[in-house]
């Protein structure tokens, strides 16, 4: 067999064995994707015994390419919600997540100095202790540029030794906080639901009868606050006739308007217009329909709603716009993006015409545009390669192959589309790309680390590494957990999601979700902190490597 055939065969064997190991669960907890690392270690141990040599350059390429695929697909997945998570309710959650990341970085520096742990070893322990694989890749890359020898193997070993307690430590932290604070799970779930219902600002509807005589005879666009675009006037009922109003529709006293907007805004408009009307303005039984359509036509990407002139040409109103699961109040200045779901109100034939304009081709939501993917990856690699020179630093700071594609993916996913290019990926395609990338990366890390793993694990040095990893895992989690619970008054279920997200650990999230079956509190806080934490976990090992290298 050729060298390439041998490597591909072994990688496939590692993936099969590792994924099988990852699916083994004890008390509902398993290694998950981390099992691939241990599959690589086992196969590497066997190849070492039989004297099989693998080409280092080929392995290095596969490792780096896998990492690029993984971080890029993560960025595309979380990009739409990344910047939103930094605002409003996400501020507190992200603040505590930053606290966990910061404490772990401080502990790394202290252990490195106090116990004289080699830099490659402590960075590998750090990545394993926080169960973050891209962190390992970022650390390996910057240490290689600093001129270290045998970096990949040493970091891979220390990562693998610290990894198991990285998972166990999160679960232990959740359990201890629950015991110490005597948490009642049902009560916590109820309090979370009550709080969410109070804070929720979804769109509501209200039927208002126009009784203000000062507004009779005015056009719709002339009524107060119309230009603020905070309310949509989707239907108008005059006597028994239902019509779709446009900006030039003249209002009569007694007209019933169907308004869409936030509850507080609707109440304000009711005070201006008149009184709430207990009248049905349903399209059922009329010539009008209310239907949903998806924006998939590349010719309308980036176009403002007012440029489509839907009201003027087709007498169709967009009453709601759903973007990435968030309901928005559409206005004329809002630009359409691929995947936007529009709620259309109008005659059936007019709605069909509008459907043809915006696309509404649901099969496109399952198709993958390959050009934007490789364009994004290329831009990410270029960004990651740009050096930032700082005085006193021995090497330039770089985002690297882990950080560059992540940052570019976050930005492109937030933008959504440029011209006919769109950066939407179906969830199934994104998951496949992400899993292939991480499997390739962990397989190679395991193959490089496995030759001496067992000897190191059973040595006093290996036991010390496990201890250091336990400290880096446990102390930031338990300290932040106590602070968040006592001073932040954080809900326990949200806190469990925060701890899982701060360690970017899906197995821990699965455990947190099972604390209260069918409840979404943990998943919500996990998703809120995940994007920022992933970015910090990639940047922090590079900063630590350069700072500690410079100080030594």
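Yeah, the Cβs are placed from backbone N, Cα and C, and that goes for glycine too.
Marked as transmembrane segment by Swiss-Prot: 4-24, 29-49, 65-85, 95-115, 161-181, 370-390, 403-425, 438-458, 463-483, 492-512, 529-549. Residues annotated as domain 'RCK C-terminal 1' in Swiss-Prot: 190-275. What Swiss-Prot records for 277-360 is domain 'RCK C-terminal 2'.
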Same-chain residues at least 6 beyond the ends of the transmembrane segment (529-549) whose Cβ lies under 8 Å from its Cβ atoms: 71, 74, 78-79, 81-82, 85-86, 90, 93-94, 96-98, 101, 104-105, 108-109, 112, 119, 123, 126-127, 130, 132, 134-136, 138-139, 141-143, 146, 393-395, 397-400, 402-403, 406-407, 410, 498, 501-502, 504
Surrounding residues of the transmembrane segment (438-458) on its own chain - C-beta under 8 Å, 6+ positions past either end: 10-11, 14-15, 18-19, 33-34, 36-45, 47-48, 54, 59-60, 62-63, 65-67, 69-70, 133, 136-137, 152-153, 155-157, 159-161, 465
Paired segments the transmembrane segment (95-115) and the transmembrane segment (370-390) in contact, 3+ CB pairs under 8 A: no
DSSP-derived helix, strand and coil totals, residue by residue, for the domain 'RCK C-terminal 1' (190-275): 27 helix, 28 strand, 31 coil
Beyond the flanks of the transmembrane segment (463-483) by 6 or more, those residues with Cβ under 8 Å of it: 96, 99-101, 103-104, 107-108, 111, 115, 117, 121-122, 125-126, 128-130, 158, 161-163, 165-166, 169-170, 172-173, 176-177, 456, 495, 499, 502-503
Long-range environment of the transmembrane segment (492-512) - Cβ separation under 8 angstroms, sequence gap at least 6: 28-34, 93, 96-97, 100-101, 130-132, 166-167, 170-171, 173-174, 177-178, 181, 183, 185, 188-189, 192, 473, 476-477, 480-481, 484-485, 519, 521-530, 533-534, 537
